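Database features (TrEMBL):
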DOMAIN    A:36-102  domain 'RNA polymerase sigma-70 region 2'
DOMAIN    A:134-184  domain 'RNA polymerase sigma factor 70 region 4 type 2'
């Protein structure tokens, strides 16, 4: 590791861990800004997926960043910083949703007791080829649970097993709901744009 | 090659955040961190004094920090030959069996 971290203020080309070490040592505002600007937009996008409201997502981004910086001393560097940041983000959002008692609404009944027959849903398929404005319209018309699931999987790239852990369900149930959500989205797209989606 | 529309959506959200919200969020987080640092520094500086004040008010004695930390060689007390050592296993006669 270069000695930039300990001797100078942080530089944009530095790795996350170097910046963290420098920040811990000197509390330099440049280090804070670099880390903040590297992750804030991604945190906002993930929080928006979960909370579905821009103002709430902005508040969550603030809370999450404050939490991360106050606990920076606990970051041991064994996992990637980004992994730690995203896990703090999702845990924060899930806690917030649970406090507001929206969890049933969000990760709901369709997930209960499904047979283990869902196919692996690794590709967004035709949905990935839509225009962004079309995708936004389709997502807006989907039920909350389906929209969140599609965004978690295809926008944020969260693995199915991680989504399953997040909502305390099994992987097959998640795959099945994902499959149904995609079917609904395609149907909505077909109805709205009079296209021949199958 | 055309980018996946979900990823385009993510990029748009992030760009919107950077343009309209990033500075506000950064300023607020910085301000919170400064406040929290100020509070923790204040507690660290004044809590021992407050604890001492409270102890004295309750009739006890304030804990005074040792101002110098002599090594064994510098510590006159430790070098005096007549300093009574703690009784150890040599004082076998006093052991009650």
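Cβ atoms here come from the backbone N, Cα and C positions, even for glycine.
It should be emphasised that the depicted structure is a prediction, and the values quoted were computed from it without experimental measurement.
For the domain 'RNA polymerase sigma-70 region 2' (A:36-102), the mean pLDDT of the prediction comes to 90. Each residue in the domain 'RNA polymerase sigma-70 region 2' (A:36-102) gets a DSSP state, and the totals come to 55 helix, 0 strand, 12 coil.
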